[in-house]
Each structure stands twice: as C-alpha cells, then as structure tokens.
Amino acid sequence: MDYKTWRQQAEQQMQWKGYEATSVKWLIMDTLQWSSAQAVMHEMDSIPEKTMRLLDERLLQLLSGRPVQYVVGQAAFYGRQFKVTPDVLIPRPETEEVVQYFLSKMKQPGTVADIGVGSGAIAVTLKAENEALEVIATDISAEALEVARDNARAHQQHITFYEGDALQPLINNAIRLDGLISNPPYIGVNEREWMDAHVIAHEPHVALFADNEGFQVYESILRDLPKVMREGAPVVFEIGFQQGKALTTLMASWYPHIATEVLEDINGNARMFYFNWTSSS
C-alpha cells in the first residue's frame, strides 16, 4: 500500500468517528519526520512493513479519541513546537492572543511570572519574544514542571521554575514582580458534564478544573498579589468566556481602587482579564 491510499483510508475512518481528518497527515509527517512537501513527494511510495505497523498503531490511538498532539508528543504554539504529554494541557491557539497582549504591556525589562506553567509554552514564548524579561514559572505539578523544563532547554531559554501552589513559591522566595500572566484551571467542577468527553478522558484534570465554580485559583492569586506585585505591574489572566463579570465584581470588592478590563479574543469571546496592580488609591 502507498502512503496516499493509507492516508485516504485513515481519513475516512476518522471522519466516520467524527474526528478531525487533518490529524492523519500530521501523524504521517511526524512518524516519518517529513515536511509537508516531502509528504506530497512520497505519497505514491510503498509503505515498508515496519512503518505500516507504526502508522496503524498510532492511528488506533487517534481513533480512540486521543488528541493527535499527545500521539505525536508535540503541539504548535506561537510559531514554535512544544513537547506535550498527558501531564500537561495542550496549548490552545486562543492563548497565543493572551500572550501577545501581555507582551504588549511589558514595555520595560523586568521580572514576570507565569503561574500554572504547564507545558511551558507561555513562559518560553515570553522569554523568546522578549529577552529583556526575567521569567519565573510555577506549577503545583512536578510532572508538568519536568515537561516545561524540557521545553525551556529545547528552545534554549533560561527560566526559573518553582514547584508550588499559585503565588506561594514567590512569597517564600521574597520575589517581586513587574508583571504576571496566568492561564489557570478555570472550569468549575460542576461544569464537567458539559465538557468534551475526549478532553475529560485525556487531558489532566488538575489543569482543567477548579473549585468554587472555577474561581478558586483566581481567588488564590488575587488574594496574594499585595505580597508579590510592584506598583503599576500588569496582570493578565486567561478566563472562561462567562467569567469576566464575576471577576470584575470580585476585584471591585477586594481592590475597588483598581480599574479592570475584560477583553475579547478574535472569535468575539471574553478571553482576557487585565489590570495594572496598585496597592492603594
């Protein structure tokens, strides 16, 4: 069998299951370490038996609902490839907009933190796009931190990592920040039944769900901001599309002197919660 025939049959099976057929081409390219042009050039070549077995094994993973990023072990973010494992969330394109917005607010060199670093896609991107930033990253998951460290090494970016909950590692080390970005778990445990079944089955729940209707981590970060933030430092959260109003109300209650903004992503959904920290009016 040639690669074109195998691809077409695999795409048909994916479509029958209701999955993205485009994942098949990515699977072939990763398995053979081909570029897109090479995949076209070799599509009429016969598939060696050993390669066929490997392709079939990986296709079965796709057909089981396993995200292609976990099958191939990498995901694209901000023009770079990042290692991903089931210990970390797969970086989403929408998060690129959050990173871009945060970078636009960091006009001067300084120390910034990515809280809940996961794969390290955000932290590595910040450092790669602005070398003047000192980037610190925290995560409660030791396994996620290992993935993030691997990605920092792969992209040759120096980042300081701490294991711990929210801002506690920064407090413990008396670190002061000139900026903070976070894409924390923000899906309420009570919302689980409305989630995509394949996301529930394959992505780490510790990175998806938070108590208190998804606000637990936001509240933890906001509560400790006075202990770590410098005056005027920008804070940017990625948020769920229905969380902007509640976060605005929470901030008005805790820090009424701080003006906040909810910003939409390219699809018109509320995606970012932004403010500049100030300790008093």
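Cβ coordinates come from backbone N, Cα and C, glycine included.
Per TrEMBL, S-adenosyl-L-methionine is bound by G116, V117, G118, S119, G120, D139; the candidate from N172, N173, N183 named for the same site is N183. DSSP assignment over the domain 'Methyltransferase small' (102-188) gives 31 helix, 24 strand, 32 coil. Counting only the Cα atoms, the space from G116 (S-adenosyl-L-methionine binding site) to P184 (substrate binding site) is about 6 angstrom. If you count neighbouring Cβ atoms within 10 Å for each of the binding-site residues G116, G118, the highest count belongs to G118.
Fewest other C-beta atoms within 10 angstroms, among the binding-site residues G120, P184, are seen around P184.
In this view, V117 (S-adenosyl-L-methionine binding site) is surrounded by 30 other Cβ atoms within 10 Å of its Cβ, with every protein chain counted. Within its own chain, N183 (S-adenosyl-L-methionine binding site) has T95, V98, G116, G118, I122, F237, E238 as residues 6 or more apart in sequence whose C-beta sits under 8 angstroms from its own.
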